[in-house]
Amino acid sequence: MAPNDSVAVTIERPYNSVKAKSSVSFLEKQKAASPKQFTWVLLLKVNRIFACLSWLPMAFRKRIALSDMSDEEPRNRGKLYRFIKAFLVLSIVALGVEVIAHYKNWNLNLVHQPWEVQSLVHWSYVAWLSFRVDYIAPVALFLSKFCIVLFLIQSLDRLVLCLGCFWIKFKKVKPTIEPDAYDVEDPSSFPMVLLQIPMCNEREVYEQSIAAACQMDWPRDKLLIQVLDDSDDIVLQNLIQDEISAWSQNGINIIYRHRLIRTGYKAGNLKSAMGCEYVKDYEFVAIFDADFTPNPDFLKLTVPHFKVNPELGLVQARWTFVNKDENLLTRLQNINLCFHFEVEQQVNGVFLNFFGFNGTAGVWRIKALEESGGWLERTTVEDMDIAVRAHLNGWKFIFLNDVKALCELPESYETYKKQQHRWHSGPMQLFRLCLPAILTSKISIWKKANLIFLFFLLRKLILPFYSFTLFCIILPLTMFIPEAELPLWVICYVPIFMSFLNILPSPKSFPFLVPYLLFENTMSVTKFNAMVSGLFQLGSSYEWVVTKKTGRSSESDLLALAERESSIEEKISRRNSESGLELLSKLKEQEVAPPKKKKNGIYRKELALAFLLLTASARSFLSAHGVHFYFLLFQGLSFLVVGLDLIGEQIS
């Protein structure tokens, strides 16, 4: 019998073989066609790049032609602007020499004998390299290391604040009030509260701020509202008086005050109001700027904290913003201010019982104001001034992170820039004036050190100094002086990590991490200029420009306004019939010039820095620096966007 062997037989399918052959031929054709396709793709991309480059000069000229440069007066373009221009010219010249040296392969190490020098330009380049190594590089290296040390100290301070905030969240630490602080059924147990609304030409927001104050949930006989109007527009004054009259007829204790001699800006306005004879009958004063619309329960959430703490001088509430998502500028501001309130104010309030008063959305014990010297007109940061003096007198502060007051953010870069100039020049004015009082005060040495080194020097002076010097001057300088090149962690890792910490209080803003980092460096030129003007008492440090408001309202504000208008509709209509003719006659008496059409601005310091950083990025590209190149490129583009006023409100 034949053996029972099993044989495996493999049969190839003709279809698969045909398919394999066709696929191979297809791949060969694809390989043959791919170089041509790749060439066409490259040509298309190059064509698009040149089209964009040809469009940029036209767009730039059009932007300048349609922009307003009136806000950039010669006095605002002083020594700093001239320094940036000189630095820009030198960097362009140096870039030209470096380009020639790059393409001619000049190298100092290859030159051993004088006759090896090829030309006069080559000789100049060799002499420059020798001079740079011997004299300029050591100075640049020292400056960069000095700024890096300041950068690390400030980063450590920011990290400690964040750790303190995490501890507060973990332990759930927050100020509390006794449930029976005041008897709701007995209005006589409530203290007397004065509510002040300082304003100046606030046509867009005066109605909503007055309405919010008049709807405050507090016994009417225990609350007096002062509308402190510094407006110079007679028509607006009459409109505000009519609004107050309508609320007064509805049973609200509200009065109108207008100064004939308007000196001292907001501090002078508040000082004049506190000088009224009837103020002695009140125990507390709540202050709201004209764009703030607090909730009706604001006083019931803040004033009871004073009852159990006789050393408490100030209760500060948090700000929230009705227009935080309006544009990129307001989104970036929201990141900064969320960190300021959630981290800085809260941590300082819990651990130190001291922080800078924000000027609004706060309640003061009037005794604390009086014992600290009252409102003074010596700086443009009267809120920080009174807070420092009250702290030196032993008064404690509380910050309430869960009590919020709605307000507006500046929507245009021009308005935001002026606000930041005032906020960063005023503290340096105050530091010069308060330093003797701090040194001679009776507070502890630790509190003196905190005021001088942390509150003023580190957060108000060192921060704008190193951010401008390190990232806008030294970094582009080191592209032409590679011996002093900044390490990668200084320009990339640490700034990104610190920006990440800043965004934590507003987690919805994480997509804006990189724009936030670039914008903060862009704003450093404004903050540095303001810091220097305040420190050396220059003229611009005393400028006070009222922040422009748009009068935006939230949905709850609109509903409250509708209810209020329906309740007093008859009185308003009667008031309008009586005062309308009077207002019309006053309008005719005034020869009002047509309003000047507003345009977006052009900011020369920012544009000069944009071209400086872009020039440095080109030099970095020659050296194939990688991260340095990309940082300088995007930072230069950020300065360009801000210099052309493309970041905030766009006016057609």
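Including glycine, each Cβ sits where the backbone N, Cα and C put it.
Taken from TrEMBL, the feature transmembrane segment covers 38-60 (among others).
The annotation transmembrane segment is assigned in TrEMBL to 80-103 (among others). If you look at the transmembrane segment (80-103), the same-chain residues 6 or more away from its ends with a CB under 8 A from one of its CBs are 121, 124-125, 128, 473, 476-477, 480, 525, 528-529, 532, 604-605, 608-609, 611-612, 615-616, 618-619, 622.
The transmembrane segment feature in TrEMBL is assigned to 135-153 (among others).
TrEMBL lists 285-478 with the feature domain 'Glycosyltransferase 2-like'.
Among the features that TrEMBL reports, transmembrane segment is placed at 451-480 (among others).
Here TrEMBL flags 486-504 (among others) as transmembrane segment.
Among the features that TrEMBL reports, transmembrane segment is placed at 606-622 (among others).
Packing against the transmembrane segment (135-153) from elsewhere in the chain are residues 458, 462, 465-466, 469-470, 474, 477-478, 481, 483-484, 486, 490, 494: each is 6 or more residues past its ends and has a CB under 8 Å from a CB in it.
Within the model, the domain 'Glycosyltransferase 2-like' (285-478) shows a mean pLDDT value of 95, rounded to a whole number.
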